[in-house]
Amino acid sequence: MSTLAKPNLSVQVSGIKMKNPVTVASGTFGLQSDNYFDLSVLGAVVPKGITLNPKEGNKPPRTIETPSGMLNAIGLQNPGIDHFIKEVLPRYEKFDIPIIINISAESAEEYALLAEKLTATGKITGIEINVSCPNLKRGGFQFGSDPKETEKVVKAVRKATDLTIITKLTPNVTDIMEIAKAAEGAGSDAISLINTLLGTSIDVKTRKFHLANVTGGLSGPAVKPVAVRMVWQCFNAVKIPIIGMGGISNANDALEFILAGATAVAVGTYNFVNPRSPFEIIEGIKNYLIENNIADINDLRGAVETV
Amino acid sequence: MLKLEDAQIVSNISLTKDFYLITFKAPKIAVEAKPGQFINVKVSPGTDPLLRRPIGILDADPEKGIIKALYFIKGKGTNILKERVEGERVSLTGPHGNGFTVSKESKNILLVGGGFGVSPLHFFASRNQDKNIFVAIGGRSAENILLEDDFKKLGAKVLVATDDGSYGDKGLVTKRVEEIIVKNKIDEVLTVGPIPMMKAVAEIAANHQIPCQVTMEERMACGSGFCFACVCKTKQGYKTVCLNGPVFNAEDLEW
């Protein structure tokens, strides 16, 4: 038991060294989470995504609950990068964990400018390129659903930074492997998936859409099987590390993603349900390794077998 | 400080067909709770329904570690909650939101509540017994009038109006607000209830140059200010109901 009492949980997502494989999905987590557990236990932190200029976001209602999930159409409400760097970023530094910043933009040049500004702070470990937010009327959605557009954005960001680049893929495509390969070919150091699945919901009483934006992104436990399938497909299609996400609510879910090929995992919507879940998932993974006599989390990556 | 607690249900009783009163043993939240704040309740374990349900706090007793909340049976979540019984545990987070803030100098406070909007107002009245509290309660009919006696027990002067005249004055409660403000030299107004009611109250308060705080409601996901789902429009753009609110100065809102 002496060695296995302390199994290795640390993983490497390209240049990002994480002391355990658990991080959070952008937009589902904030500094207020520190009320529920010590954020410095996380493998890395991903604050809410940012854009170059402040964004007001979509008209409410912006969310509706669905069976084991929810739809959201926030519209990337955020104060813009300059405010973020000055006011928000310093408050994440004290946790002494890798900081990954999720960026959205409407052109390759704008993505590059965001990457430059973030790199110049010297406080950031990774940049997650959101090419997949389904709520934007322009920009994001088109980039992530077309391999050439994805390539253009990743190349522009690659030129602008030496930081670890993670391309966050949309599941709303015919062949996610094609997009993953395009990101890899353009110089992305890693990929993260999945972003939300495009959906909608209708109130039959009022005969109106539930969301003011009409469509929104589906997330939560309902999307997990789709996400695990896509992680497994991408694991077999590219060599770069994968951060798996989509409906993770407990350690078993996280382990499913790792077995499918994810190097790290992110907790998203479940932060709303159990705000301590990232902490509990780290503990759960540790216990699983001990109980199953596995010395290193890295031995589980992609280790799924056919029945 | 937000807390997460596996709270034991002390009691869960129906006040009328549509309104329930639930009492929790939740000592950590009870110590922190202030009037106008809410708890976020996971009505059942499991993932359907997935999200917590925000419910305004009716009362908090820090010494006994008790939290009380009044809820309206609306959909799947509250229908599950009403079936939960004494002794069972329910996961709570809170207290969420900003709560009411009144000036120390304000002596005469008017509370205008519609339906179960009286709940946070009652919490305010119980924590501000040094002030002269005036209460106007409105509802569709007699069975929607809640907490009248509880306000009276606190020494508040209470006026009731129902749309159908089945109890108290007939018509909208807002008809009497102006008269109460003038007659009692009201310094501040707090209102919780349907938007049209709160708008009417805010307009009367503005006409008399009295500060008015309103309590907003919007479909919510995280309850803690991460996700920006539950926003309402203010003069400074969209603000979250869960973190920046639920209490807003009426003059800051664009509604």
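Every residue gets a Cβ built from N, Cα and C, even glycine.
Automatic, uncurated: that is what TrEMBL annotation is.
Among A:ASN130, A:ASN252, A:ASN271, A:ASN274, the residue that TrEMBL places alongside A:LYS48, A:ASN72, A:ALA73, A:ILE74, A:GLY75, A:LEU76, A:ASN195, A:THR196 at the substrate binding site is A:ASN130. Listed by TrEMBL as binding FMN are A:LYS48, A:GLY49, A:ASN102, A:ASN130, A:LYS168, A:ILE194, A:GLY220, A:GLY246, A:GLY247, A:GLY268, A:THR269; the candidate from A:SER14, A:SER26, A:SER33 that the record includes in that site is A:SER26.
Listed binding-site residues: A:ALA73, A:ILE194, A:THR196, A:GLY246, A:GLY268. Those with a CB under 8 Å from a CB in chain B: none. Using CA atoms as reference points, the binding-site residues A:SER26, A:GLY49, A:ASN130, A:GLY246, A:GLY268 were checked against A:THR196 (substrate binding site), and the closest is A:GLY246. Considering only the binding-site residues A:LYS48, A:ALA73, A:GLY75, the residue whose Cα is spatially closest to the Cα of A:GLY268 (FMN binding site) is A:LYS48. In the three-state DSSP assignment, the secondary structure recorded for A:ASN130 (FMN binding site) is strand. Put simply, A:ALA73 (substrate binding site) is 17 Å from A:GLY246 (FMN binding site) when counted between their Cα atoms.
Pairwise Cα distances among A:LYS48, A:ASN72, A:ALA73, A:ILE74, A:GLY75, A:LEU76, A:ASN130, A:ASN195, A:THR196, the recorded substrate-binding residues, top out at 16 Å.
A:LYS48 (substrate binding site) and A:ASN130 (FMN binding site) are 11 Å apart (CA-CA, integer value).
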